[in-house]
Amino acid sequence: MHRFVRPQLLLRDSKQPLLPTAGQLCTNHKSVVSSVRGYVVLPPTNDEEEKAMLHRMMRVDHAGEYGANRIYAGQMAVLGHTQISPLIQEMWDQEKQHLRKFNEILAENRVRPTLLLPLWNIAGFALGAGSALLGKEGAMACTVAVEESISEHYNCQIRTLMEKDPEKYTELLQLIKEFRDDEMEHHDTGLEHDAESVPGYQLMKAIIQAGCKAAICVSESL
C-alpha cells in the first residue's frame, strides 16, 4: 500500500510555503493600504480660510510638543540618575511620538513651523532643568502646569473642529483626542508624585501657565 503524502506548495529552491500565513496576509494588507492611502490627518481643502485655520492649529501644536520635549530633556539632564528618571523618560517618550507625528503632518501639508522654535528650544530646556533643580516635586509641578495648559488647548481645538464639521475632521479629531489623553495622563501622574508639595506650588503653576498661554498665542501666527 502506498502511503499518501500531502503535497506542500514550495517556491523553487526555497523552503518557504507558497501560500502566506494569516499573519503575513495581515501584514501585506496593511502595507498595501498604507501605500495606497497613507495616513492623511488634514483633509484637503481649497478654502483659504479653512487652510489657514488648520495650518495655525498644526503650527502651534507642533510648537507645543517641541517645547514639551525640551522641558523633559531639561528635567532628565538634572534628574537622569535619580529614582524618578524612568517615569520622566516614559512621559518624554510619549512626547517624542507626538512630535514625530506633527513633524510628519507639517511635511505632508507644507505647513511652516513657528519661527520661534529656537526660543522654545532654550526656554523649554531651561524650564525643565530649573524645575528639576527643586527636586522631584518641582519637576512634577512643572509637568502638571504644562500638561494642563496643553490639554486645555487641545480641548479648545476639539470644540472648534466639532462645531465646524466632525465628520470631515474625523482623523484629526481622533489624533488630537489621543494626544490630549496622553497629556492628561502626564498631568495626573505629576499630581500622584507630590507635585503639590513643592513650596509655592500655586504661584509656580500660575507663572508657568501664563507663559504657556503666551507661547500658544505667538506660535500660531509667527
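A Cβ is built for glycine as well, from the same backbone N, Cα and C atoms used for every other residue.
TrEMBL annotations:
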- Glu65, Glu95, His98, Glu183: Fe cation 1 binding site (BINDING)
- Glu95, Glu147, Glu183, His186: Fe cation 2 binding site (BINDING)
Message: What's the number of neighbouring CB atoms sitting within 10 A of the CB on His98 (Fe cation 1 binding site)?
response: 22
Query: Within the chain of Glu95 (Fe cation 1 binding site), which residues six or more apart in sequence place their C-beta under 8 angstroms from its C-beta?
result: Glu65, Ala68, Asn69, Tyr72
Message: Let's check the environment of Glu147 (Fe cation 2 binding site): how many other CB atoms sit within 10 Å of its CB?
response: 25
- prompt: What other residues of the same chain, not counting Glu95, Glu147, Glu183, His186, have a CB atom within 8 A of the CB centroid of the Fe cation 2 site?
  reply: Ala68, Met91, Gln94, Thr143, Val146, Ile150, Ser151, Asp182, Met184, Glu185, His187
Query: Quick one: which residues besides Glu65, Glu95, His98, Glu183 have a Cβ within 8 Å of the Fe cation 1 site's Cβ centroid, in sequence order?
result: Gly64, Ala68, Asn69, Gln94, Gln97, Leu99, Ile150, Phe179, Asp182
- prompt: In this structure, which of the binding-site residues Glu65, Glu183, His186 has the fewest other Cβ atoms within 10 Å of its Cβ?
  reply: Glu65
- request: Can you grab the distance from Glu183 (Fe cation 1 binding site) over to Glu147 (Fe cation 2 binding site)? Cα atoms, rounded to a whole Å.
  value: 5
Euclidean distance between Cα atoms of His98 (Fe cation 1 binding site) and Glu147 (Fe cation 2 binding site), Å: 13
- line: Expressed in Å to no decimal places, the gap between the Cα atoms of His186 (Fe cation 2 binding site) and His98 (Fe cation 1 binding site) is 13
